[in-house]
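Undergrad: Mind having a look at this structure? Questions to follow.
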Amino acid sequence: MDEEAVADGAFADNGTCIYWGTDYIEGKIWLIGMFGTTVALTSIILNFFLCIVYLYTPSLAKSAVLYFGVIAVVDIIMGFNYIAAMSVPVFIDYYGLLWLYHVFVSCVVAVVCESNCALFSSSLLILLATTERLLRTFQVKTTTHLRRFVEKNRVGLCAGCILVAVAYKLPTYFELDVTEHLHCGVEEFSRFEIVATPLVRNEIYRKLFMFWTRFIVDRISPFILLVLMNFKIITALKQQTFTPKKTVFMPSSSTKCSRRNIRDATRTLIIMVSLYIVSQAPQMIISISEFSTPNLDEKLRDDEGLHQLYSYANDICSICSLLSSCLRFPVYLANNRQINDASRATFRYFCGYWRAEKKPKDYRPISAPTASLTAGKAPSKKTSGGPRGVKLAEDPLNPDAPESMANKPTDVENTDSTSNYSATYEYHLNEYRL
């Protein structure tokens, strides 16, 4: 529901039974009802699967990609809120679903408040993740202590961002109300109307909090901060060289893996922040236009073409934010090896590729090569130790062993065939793989 229209009294009770409904319904049934709903459902499915990946891979929650999992939960809420606040009204007006309209007006105030909380929570979480990445670009002692504090308290800081967003956006719950017109028929859409509360009609609250505070805190500040921090991270990433320091010992494999995971998380965050900036650019243009254009409300009422452009532009801004949340999971798969491997393992688990339980595999240590093999010579086959002219079978596992022992049964021959496997350690998964 358009907050500006509500604040301007577009739904004010004038004693007549008038239902305004959705404007330009023929075009918005395709833009919002079809395309927007499809994007919202896709975002819900992808982010829900990502949440399952985090649940089945606890190591992800202990790494630098924790923020991506929390943002996925917020994106799921945003997807449901878009369907409830944007798609449902379009379907109601297009198909004339009175019963669904009654359900909608009973929860529209809570849905609008929840949607605002989710949007601002997503912005704060992206800012928090970018701040941690930015602290890695500085080698100052103060920033090192601050970075370690952020790394140790990721869960608490994420919860703090959500609580701050809820506290900041909670007043939106008291800005809308549903009025019942008793003089209108029960079977009419005009029976219920969404109106602005007296709090919104207060000029000081409307100008100071609804316009100036939200214009600066919600739109301008996150956009500018993310642009600057993203630029700084990209610059530092280009200048950074990953050559090991001059120490007595070379970095271990686990250290190299940790550095690679950090680079993957940094690259993923850069692309995710870039998507957020691009998706918020249309909203920034509209906000600056609203700020710089005097008497915009009167011009929208007088000029039908301008009103149509403004209406579609606001709907496109909502879809851009939804597209950004929908594309995050593909970005994670393409740029972050930790999430990619964990997602593949989770997908195989649910598809039943490894439901057939196999016997435990006996891992045989890899022995050092013999001198003959390192010299490029094949082991010679001995013929002594048996009857003249008779060549005894040699032991395939130990060619240099006495031939008298070759034909004797050994424990190796009686073991399961799975003993021929060897294992390697995958550091990014923290487990052994065949």
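Any Cβ shown, glycine's included, is placed from N, Cα and C.
Unlike curated entries, TrEMBL annotations are predicted automatically.
Sequence annotations record features per position, and here TrEMBL assigns domain 'G-protein coupled receptors family 1 profile' to 46-332. The region 'Disordered' annotation in TrEMBL covers 365-422. The transmembrane segment annotation in TrEMBL covers 29-57, 64-92, 98-128, 155-174, 220-237, 269-289.
Walk me through the surroundings of each of these features.
TA: Residues of the same chain lying 6 or more positions beyond the ends of the transmembrane segment (29-57) and with a Cβ under 8 Å from any Cβ of it are 68-69, 72-73, 75-76, 78-80, 82-83, 86-87, 90-91, 94, 312, 315-316, 318-319, 322-323, 325-326, 328-330, 332, 339, 342-343, 345-346, 349.
Counting same-chain residues at least six beyond the ends of the transmembrane segment (220-237), those with a Cβ under 8 angstroms from any Cβ of the stretch are 123-124, 126-127, 130-131, 133-134, 137, 263, 266-267, 269-270, 273-274, 276-277, 280, 284, 287.
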Undergrad: Where, among 64-92, 98-128, 155-174, do we find the most CB pairs under 8 A to the transmembrane segment (269-289)?
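TA: That would be 98-128.
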Undergrad: On the 0 to 100 scale, where does the mean pLDDT of the domain 'G-protein coupled receptors family 1 profile' (46-332) fall?
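TA: Mean pLDDT across the domain 'G-protein coupled receptors family 1 profile' (46-332) comes out at 87.
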